[in-house]
Each structure stands twice: as C-alpha cells, then as structure tokens.
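Enquirer: This is the structure I want to talk about, given as structure tokens.
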Amino acid sequence: MASTKILSHTTTTATAIASSITHQSLYLSSKLPFTTTFPTFTHNRPTTKLHVSSPPNKPPLTTTTTTTNTSSTKKPKEETIFFDGGAHYGDLIANLVLGFTLLWLPLTLAAVSRAFSLRYRFTNLRVTVISGLTGQDRSDFPYNVIKDVQVVPRFIGEWGDIVITLKDGTKVDLRSVPRFREIAKYCLSMADKPVVLKETGNKGF
C-alpha cells in the first residue's frame, strides 16, 4: 500500500516536471526570432567580362554636308534669233519686170523660186538655210567653222549676196539677202574674225 502511494507520487512529480520543461521551451521559442532558411543553389556558369575602351586622342566624328549651288551650274545657252527671213522683195519685183523679155525669163523664174522656197536664219549659235516648198531641205553650221565672209551688192545696194567660206573649203552662197552688210558683220563677229567686209563691185541684179 505504501509503495503504491510512493509510485503515484513519483509519477505526478515527473509529469509536473515534464510539463514545466515543455512550458519553458515554448516560452523560450517565442522569445527567439523566427528565421527561415532557404536552400542556396550554386551555379557553375562561367562569367564573361566585357572590356570596352576607346583609343586616346581620337578625333570626333564630323559630318560634312555638301550643298549644291544650282545658280552656279552652267545652263545651256539660249538660242536667240538675229535675222529670220527670205530673199529681198526687190529681187522678185525687179526680175518680174525684166521677165517680159525672153532672155531674162530664166532669171525671173529663179527669183520666184527664191522668194517662195528659200529662207535664211541667223542666230547666236548657227546659220540655217531652209529651202524647198515645204522646208524639207535644211542646212545648219555653227560660226566656229567659218573661215571667211564676203558680200556682193545687187541693184543699187538694197540687197546683196553673202558668200561664206567654211574651213573645209565649202562655199555657201546666200542670194538676195536683206541687210546683207549687217548680217555679214554679225557672222564675222560671232566667228571671232576681224569685222572687215570684203566687198566686190556691184553686179547688177
């Protein structure tokens, strides 16, 4: 009977001690900070380092802008007309009057042909001779091929012929030209020749 009491007392005491220890453990754990430890993964990937450098004393990059001056661009020379017309009307009238004679008839027909099918044009760039009823025949040559210019007065000097000699020896005979002296001087000046007319004597009509 006595041993049963002692065992019961011992069990009660052990239970009290265990309860006290548990209580103290809970109290201490509440006082400690809560920490969470995560697993650490280690990567064995190699590390590449980039080194960027610029050479010393490098001149700064400059951009050059080219501006085109359209006003300085050479434009093609504009052609202007100095004279544009046919044979002098006096040549036709004089030859029609004299055409009543059979001997003069061929010259009269030539004058009629010149009046209706021949045209002269002098510009600052070239000399043009247009012939034919529809103007299908045309000859052009620049002034720089002119070698010599001569004039032949007709009638009383109201009209005349202009004989232009080219550098290749070709002779261009312009018949019954109005203002023939003025036009001949213009041709010489445009050809950079001395403006000295070589004029022969009057040769009639």
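Just so it is clear, glycine is given a Cβ too, placed from its N, Cα and C backbone atoms.
Marked as region 'Disordered' by TrEMBL: 45-73. Residues or ranges marked as compositional bias 'Low complexity' in TrEMBL: 60-73. Feature annotation from TrEMBL assigns transmembrane segment to 92-112. The feature domain 'YdbS-like PH' is assigned by TrEMBL to 117-187.
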Enquirer: Restricting to the domain 'YdbS-like PH' (117-187), what is the model's mean pLDDT?
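Expert: In the predicted model, the domain 'YdbS-like PH' (117-187) has a mean pLDDT of 92.
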Enquirer: I'd like the per-state residue tally for the domain 'YdbS-like PH' (117-187) from DSSP, helix first, then strand, then coil.
Expert: 12 helix, 43 strand, 16 coil
